[in-house]
Amino acid sequence: MWRLKIAEGGKDPYIYSTNNFVGRQTWEYDPDGGTPEERAQVDAARLHFYNNRFQVKPCGDLLWRFQILRENNFKQTIASVKIGDGEEITYEKATTAVRRAAHHLSALQTSDGHWPAQIAGPLFFLPPLVFCMYITGHLDSVFPEEYRKEILRYIYYHQNEDGGWGLHIEGHSTMFCTALNYICMRILGEGPDGGQDNACARARKWIHDHGGVTHIPSWGKTWLSILGVFDWCGSNPMPPEFWILPSFLPMHPAKMWCYCRLVYMPMSYLYGKRFVGPITPLILQLREELFTEPYEKVNWKKARHQCAKEDLYYPHPLLQDLIWDSLYLFTEPLLTRWPFNKLVREKALQVTMKHIHYEDETSRYITIGCVEKVLCMLACWVEDPNGDAFKKHLARVPDYLWVSEDGMTMQSFGSQEWDAGFAVQALLATNLVEEIAPTLAKGHDFIKKSQVRDNPSGDFKSMYRHISKGSWTFSDQDHGWQVSDCTAEGLKCCLLLSMLPPEIVGEKMEPERLYDSVNVLLSLQSKKGGLSAWEPAGAQEWLELLNPTEFFADIVVEHEYVECTGSAIQALVLFKKLYPGHRKKEIENFIANAVRFLEDTQTADGSWYGNWGVCFTYGSWFALGGLAAAGKTFANCAAIRKAVKFLLTTQREDGGWGESYLSSPKKIYVPLEGSRSNVVHTAWALMGLIHAGQAERDPAPLHRAAKLIINSQLEEGDWPQQEITGVFMKNCMLHYPMYRDIYPMWALAEYRRRVPLPSTPVCLT
């Protein structure tokens, strides 16, 4: 039986931590673990997901919940409430629903104070890790039988009805993910016609029906070339010389978005080496299975520009194709021949590897994310198969693996700090401090211990890194990468908790550490007034024309984001109230400029585009929270009036909101089909309207929304898992299972706190 371990480093000599592994979450399999009843509970959850996999595609993330609720001896003792047709919501009924949710959320907290969760959904995360272990000869040790069984379960359970796999679990089938998952099944032991429900044969038919793997996007071409299923001649060049360009050039890596930089860093190393893994009998079979013509007859030069229409979200501009062709025809032949291969290429490869080692060390070999992790790990193995760097990478592989009722997948990294920041704020909004004091104290401790205490090591600016001291990451302290909205939410938590008695919630954070957080936020505001996420924005927007991926948008340079801006305004307004003397003028200017950015980026229909959640509902909640914190109201701010109109217009008949993930790639509001509502979207919209003062004008829409949330609450006090709610890079969705626990409760807590409600009459006898 699978068991989640919390804050454990294990006995591996190649793993280390900056804070004794606080927030670390890893899974282990115990063949003798669990009672027959507990095993039956897991089997039932798996069967239920499988039977309903085409109706609700995100998992409920139930395995760790079963374990933690059992360990914490949780049993919901507060009776459920429902609101009938025509019935008013009373303060008492709202309180009951909030208490049930708060007690359940408290029971889900782990010993170190955080809330674990899957954060996955993209179907291209896991296969490259399997490829890497296959190439390096560590497949059996990293993925023994039970691991393989769960990986295959995940692949089977998320195969679309047409036989393919989408870019993410709710998406239409794509060549990229269908080919990757097909190869993954074959590496894990399935035959050409093997797999549950004829998975392999159906996938291969989909691939052939859509032109074969020559039509896989550029990232797929790279991985297939590394495996030896493709030829490097079929990939566009990724010259490592990029890393020795003069810094004044506009396309210098220092000007790139950090994730783009850290993907192409190891990719360019592997490309520069023209590395190819062992050509095994399986690789030769795959060459026969995946193409629509004999491998020897493939026109690799033509294949470079081929991409299946199902994968094509961002078509390459002509300028970009001309650049690739120039590099392919003229530059690469020169750089791969003497003397340039010795004078230039070797130096470029050495510099590239220096950057890879730096990024690995400063993230404790977690690396910035899962795509980058696998590429950097493979690059380290190519450099030295027996080196310590590769061994340190292997020690951190378990940090990325997650097991749910739908099988084992690879996390993007972790959302420990992100989820904890919102969970603590939601719990604070309940005003049930005495009932949940231990939960708040543990959450406070986790947040304080997770703050990044230092900047990246050494001369970090020469390694294209920004300050991180005082920030919070998305996951844990070891990860090391500052994020503006994570920092803002962490800062808000510490400030709010500092206003409560320390004997209840623990000692407040030292002012100097709060000042460090403020410094990070101030450093990330752009000239436009908006906040970037990881590093300062400012590179030329035209560089996006060089976006080499076909399925993402806006990935080349850092941008400003509505959510980061809204979060930062709220945090700094509260900080200014509690510490009025610290950098007063700078903070006032920051808030004024950030408000201007929010007003300038509002769309014509009154909404804001959400970059990290679905989508206009999500962005509008953050924007309205920021504007309200800065003193803007319905009366004095046209942007708020327009936003209120948008939210009221999109409310459903049942009182809820439901927005399709298609809003994100299409960049227009798309409602869920069938007039469905989603409790998480409803919570965001309800809180947005409360920020906008809707209770003072007409509370009826708020009552309708609250009724839907209350009536959707489950027996244990949580809410059902519905559609996927997270997104990144416009076109790929992320699954945040904790959102269904946090946001409906938070919205009800704000509703109970800020909307006047009648009390139930007391009958005197």
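Glycine is no exception: its Cβ is also placed from the backbone N, Cα and C atoms.
Now, the feature entries from Swiss-Prot:
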- 18-58: repeat 'PFTB 1' (REPEAT)
- 98-140: repeat 'PFTB 2' (REPEAT)
- 148-189: repeat 'PFTB 3' (REPEAT)
- 401-437: repeat 'PFTB 4' (REPEAT)
- 440-484: repeat 'PFTB 5' (REPEAT)
- D485: active site, proton donor (ACT_SITE)
- 514-556: repeat 'PFTB 6' (REPEAT)
- 591-631: repeat 'PFTB 7' (REPEAT)
- 640-681: repeat 'PFTB 8' (REPEAT)
- 702-743: repeat 'PFTB 9' (REPEAT)
Taking contact to mean three or more C-beta pairs under 8 angstroms, with sequence separation of 6 or more, is the repeat 'PFTB 6' (514-556) in contact with the repeat 'PFTB 1' (18-58)? no
Which bits of the chain, at least 6 residues beyond where the repeat 'PFTB 3' (148-189) starts or stops, bring a Cβ under 8 A of a Cβ in it? 2, 46, 49-50, 53-54, 57-58, 121-124, 126-128, 130-131, 134, 139, 195-197, 199-200, 202-207, 210-211, 213, 215-217, 219-220, 223-224, 227, 229, 282, 285-286, 289-290, 307-308, 310-311, 403, 406-409, 551, 661, 723-724, 731-735
For the repeat 'PFTB 8' (640-681), jot down how many residues DSSP puts in helix, in strand and in coil. 21 helix, 2 strand, 19 coil
Kindly say whether the repeat 'PFTB 7' (591-631) and the repeat 'PFTB 9' (702-743) touch, using the definition of 3 or more Cβ pairs under 8 Å where each pair is 6 or more positions apart. yes
So what's the average pLDDT for the repeat 'PFTB 6' (514-556)? 94
Just to be sure I understand the packing, how many Cβ atoms besides its own are within 10 Å of the Cβ of the residue listed as 'active site, proton donor'? 25
Please count the residues of the repeat 'PFTB 5' (440-484) that DSSP assigns to helix (H, G, I), strand (E, B) and coil. 19 helix, 0 strand, 26 coil
Structural state census, the repeat 'PFTB 1' (18-58) (DSSP three-state): 16 helix, 5 strand, 20 coil
